[in-house]
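Taking it in order: structure first as structure tokens, then the write-up.
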Amino acid sequence: MCGIWALFGSDDCLSVQCLSAMKIAHRGPDAFRFENVNGYTNCCFGFHRLAVVDQLFGMQPIRVKKYPYLWLCYNGEIYNHKKLQHHFEFEYQTKVDGEIILHLYDKGGIEQTVCMLDGVFAFILLDTANKKVFLGRDTYGVRPLFKAMTEDGFLAVCSEAKGLVNLKHSMTPFLKVEPFLPGHYEVLDLKPNGKVASVEMVKHHHCRDEPLHALYDGVEKLFPGFEIETVKSNLRILFDNAVKKRLMTDRRIGCLLSGGLDSSLVAATLLKQLKEAQVQYPLQTFAIGMEDSPDLLAARKVANHIGSEHHEVLFNSEEGIQVLDEVIFSLETYDITTVRASVGMYLISKYIRKNTDSVVIFSGEGSDELTQGYIYFHKAPSPEKAEEESERLLRELYLFDVLRADRTTAAHGLELRVPFLDHRFSSYYLSLPPDMRVPKNGIEKHLLRETFEDSNLIPKEILWRPKEAFSDGITSVKNSWFRILQDYIEHQVDDAAMASAAQKFPINTPKTKEGYYYRQIFENHYPGRADWLPHYWMPRWTNATDPSARTLTHYKAAAKA
């Protein structure tokens with residue numbers, strides 16, 4: 001995890017513009033570099049480094065002697081870089097995984113390059129010989145990327161929007177900033193004056209398609225067919241490999257552990273892989289909650305079962321409320337469920353950075369979208385409709401769960417790794433018949449649970465534990481985080497404000513006082529940027545007016561039991 005920033009065709013003093021690059025310093029606490037592009041006085045790169053691989057020669061922009069005309073600034077991890085290096089016999093100058101991008105580009109161009117990358121990435125590649133600029137982002141947008149471009153060809157790119165909003169440009173007093181679409185790359189012409197012109201935007205990978213790099217990843221051969229035992233075996237192989245490839249780091253590895261199915265499977269598989277790799281330190285797992293939190297109890301059971309060095313972080317309602325402003329600033333969104341769920345993750349990331357030496361943190365993000373884990377999937381009218389909804393959620397991950405996971409950890413200089421969003425694992429899961437993936441017997445993620453039924457990876461009671469939303473599970477069933485927030489915000493936003501909400505906030509007008517409160521904070525930090533969020537996250541096929549899972553029938557029944 002790092003922070004990347006670049007300008008092309010700036011008409012303002014670069015030393016002044018560079019101040020904006022410091023807005024993302026949290027993403028790379030180990031080092032910073034600002035570098036002008038030779039021959040283009042109005043083009044530059046900024047890079048904040050979190051040293052995870054090749055601590056000696058890993059600074060960016062990456063430049064190697066063989067390609068003096070190529071400049072690369074990227075944020076990500078390319079897990080198959082060594083396999084590709086050996087297969088194509090590339091001569092590396094560094095040990096940095098991102099160097100593979102330069103070699104692949106020289107060999108086969110930009111399209112082949114992005115299709116070959118197994119990992120998560122956001123990059124800016126400059127080719128001064130052919131006068132081209134390329135931008136690219138991974139399939140699910142696990143690594144963030146924002147851009148701003150004016151009609152006269154000024155281009156600004158950054159890992160987070162906050163690094164662009166204060167940039168100055170003579171032609172545009174208000175610079176439009178927007179997220180770069182996941183799963184795409186863009187080709188731009190570089191003009192002699194340093195300005196650019198967009199040539200094409202290309203989708204390089206759909207989540208359902210088996211990626212091109214599968215030809216080179218070395219995973220043992222999968223069994224053909226959709227018999228249940230065959231499918232379960234293939235899923236175990238792919239998930240095991242998804243975790244194993246993500247061990248690539250020179251820093252200590254830890255794991256978030258909520259005690260839910262997803263994080264528990266990740267933690268248990270991770271610990272097994274660390275032992276096989278003969279890593280000499282114990283795996284640290286981390287859980288957060290208030291007193292009587294069901295997550296804390298469940299996480300403790302999993303940690304005892306797998307034998308991790310477990311850390312429990314307690315917080316109270318006041319501490320959670322106090323960080324709402326910081327959280328919304330970090331997130332760059334006012335989406336209600338994203339803000340709620342981010343408080344716990346923000347606080348536990350802060351604890352990890354301050355109290356441990358774990359830097360690379362594994363987590364279970366992406367599973368709910370991929371495996372139809374949300375409670376409302378029980379209401380899907382058909383397996384085909386459930387499949388459509390699952391793919392929609394995956395396409396929008398970069399706006400919600402992936403955004404939350406990246407910003408809350410990056411705010412504290414941590415790097416997050418998400419095995420459930422592995423290309424091979426996710427594309428195989430999505431290739432399965434729709435009726436195999438839906439909830440069964442009143443239990444969501446039935447296929448995933450059944451896959452690990454006989455593995456003894458995690459306790460049976462955890463394997464079959466019902467879905468618990470992170471923002472709800474960190475508090476007690478009787479007094480959820482949802483209810484705590486409502487009680488507090490009721491006194492912060494009056495009825496008169498709600499009555500005029502549509503006039504004040506015409507885009508995504510808040511319908512609740514909680515939504516209004518978050519929107520006010522967002523507008524204080526990012527005025528006029530409401531269009532970053534196309535719509536609020538809400539469950540489908542239900543008349544719920546709030547995204548909290550606790551408001552759904554499934555939970556109301558559980559609370560009374």
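Cβ atoms are placed via backbone N, Cα and C, with glycine included.
Summarising the annotation, Swiss-Prot assigns active site, for GATase activity to C2. Per Swiss-Prot, L-glutamine binding site is recorded for R49, L50, A51, V52, V53, N75, G76, E77, D97, and the stated evidence type is similarity to another entry. The ATP binding site annotation in Swiss-Prot covers L256, I288, S363, G364 and rests on similarity to another entry. According to Swiss-Prot, the domain 'Glutamine amidotransferase type-2' annotation covers 2-191, on the basis of sequence analysis. The feature N6-acetyllysine is assigned by Swiss-Prot to K385. Feature annotation from Swiss-Prot assigns phosphothreonine to T545. What Swiss-Prot lists as site 'Important for beta-aspartyl-AMP intermediate formation' is E365, and the listing cites similarity to another entry.
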Compute the C-alpha separation of T545 (phosphothreonine) from A51 (L-glutamine binding site), stating it in Å without decimals.
44
For the L-glutamine site (R49, L50, A51, V52, V53, N75, G76, E77, D97), what does the 8 A shell look like? I mean other same-chain residues with CB within 8 A of the CB centroid.
M1, C2, G58, V96, G98, E415
How long is the line from the C-alpha of S363 (ATP binding site) to the C-alpha of A51 (L-glutamine binding site), rounded to the nearest angstrom?
20
Relative to the Cβ of D97 (L-glutamine binding site), which residues of the same chain, six or more apart in sequence, are found under 8 Å away?
V53, E77, I78, Y79, H81, G119, M248
Which one of these recorded positions, R49, K385, has the sparsest Cβ neighbourhood, judged by other Cβ atoms within 10 angstroms?
K385
Need the DSSP three-state call for S363 (ATP binding site) to compare against my parser.
coil
Cα-to-Cα gap, I288 (ATP binding site) vs E365 (site 'Important for beta-aspartyl-AMP intermediate formation'), nearest whole Å:
16
Protein Cβ atoms within 10 Å of V53 (L-glutamine binding site), excluding its own:
18
Give me the CA-CA distance between G76 (L-glutamine binding site) and the residue listed as 'active site, for GATase activity', in Å, as a whole number.
7
So the record assigns R49, L50, A51, V52, V53, N75, G76, E77, D97 to L-glutamine. If I measure every Cα pair among those residues, what is the longest distance in angstrom, as a whole number?
14
